[in-house]
Amino acid sequence: MTTFAQAVLNGFAQGAIYALLALGYVMIYKATHVISFAQPALMVCGGLFTYHLTTQIGLPFWPGLAGAVVLGALLGMAVERLALRPMVGKPVFTLAIITIGVDIVLRIFANRYMGPDPRIVTFPNGSRRYEFLGLSISHQRVSLMVVTLLTVIALVLFFRYAKAGLAMRATALNQETALAQGIRVGAIFALAWAIAGGLAAIAGTFVAAGSAGMEQNTWIIALKALPAIIIGGLDSLPGAVIGGLAVGIVESLTAVYQPSVAPFLGANFALVAPYALMFLVLLVRPYGLFGTKEVERV
């Protein structure tokens, strides 16, 4: 039982990273109806921003993280303004392909900065661990879950009370109606990308603060957030959080139990377990657990 609970706890912590990334995917999709494949690069750049601010410039971790969030938001806005704004009106498939190109270009520059060695962000009291009921969790992972919770609360308050948040909700419902009401839809698009960039920076920072640090192939972690948004629903912010946590827990449980229970599935089945879960959910709920079913009249 302790092994099961420990696996769930570890998966919950890993799922917090997926949830942050999934929120970024959903933010952009709700505003623009485009799935952004640039999130992996934004995550990598965000982690490297924190690394540079803390290791090279000498800022403490938390101010460095705050600076990385600002830089990540600015990078997201720049991507929207330079790469996507000129293509407004094109098919969403075209815009999605453009985000793939953006991802490749950004990761080329990021890899040149990183080089062959991992870049590790030093986390304050990183070696500290908490023990309770036979379970163990690092201070870094506890901080990650707290930051994720605070971020989700901030987003809920933003969408419920902030004028810009209400404008984003209106734009997500109907862009033409939002334009008629005087909402600057272009600015809303930029804001969505800024928030997604900031969220990716938080996720990238905690990835870089992990034991493996930020490496050239770390961007693959962000792809785990894709099953999360499909499971939760492409246009659902609560679904993104729940989907991210579900992916993390399933991945962790599979890594612990699958080698002994179902060894015929292979040693690395935990890597594809989130996609298997996504497939099962789509069989039952094609729009995700919390997604909005779209009906088109013909």
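Cβ coordinates are placed from backbone N, Cα and C, and glycine is handled just like the others.
Source: prediction; values computed, not measured.
According to TrEMBL, the protein carries these features:
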| type | residues | note |
| --- | --- | --- |
| TRANSMEM | 7-28 | transmembrane segment |
| TRANSMEM | 61-79 | transmembrane segment |
| TRANSMEM | 91-110 | transmembrane segment |
| TRANSMEM | 142-162 | transmembrane segment |
| TRANSMEM | 182-209 | transmembrane segment |
| TRANSMEM | 221-249 | transmembrane segment |
| TRANSMEM | 261-284 | transmembrane segment |
#### Entry: Folded-back contacts onto the transmembrane segment (261-284), same chain, C-beta under 8 angstroms, at least six residues removed
224, 227-228, 230-231, 246-247, 250-252, 254-255
### Message
Test of understanding: applying the rule of at least three C-beta pairs under 8 Å (pairs 6 or more apart in sequence), is the transmembrane segment (61-79) touching the transmembrane segment (221-249)?
### Response
no
### Message
Check for me, if you would, whether the transmembrane segment (61-79) reaches the transmembrane segment (142-162) - at least 3 Cβ pairs under 8 Å, residues 6 or more apart in sequence.
### Response
no
### Message
For the transmembrane segment (142-162), give me same-chain residues lying six or more residues beyond its boundaries with a C-beta closer than 8 angstroms to one of its C-beta atoms, as numbers and ranges.
### Response
12-13, 16-17, 19-20, 23, 123, 130, 168-169, 195, 199, 202, 206, 237, 241
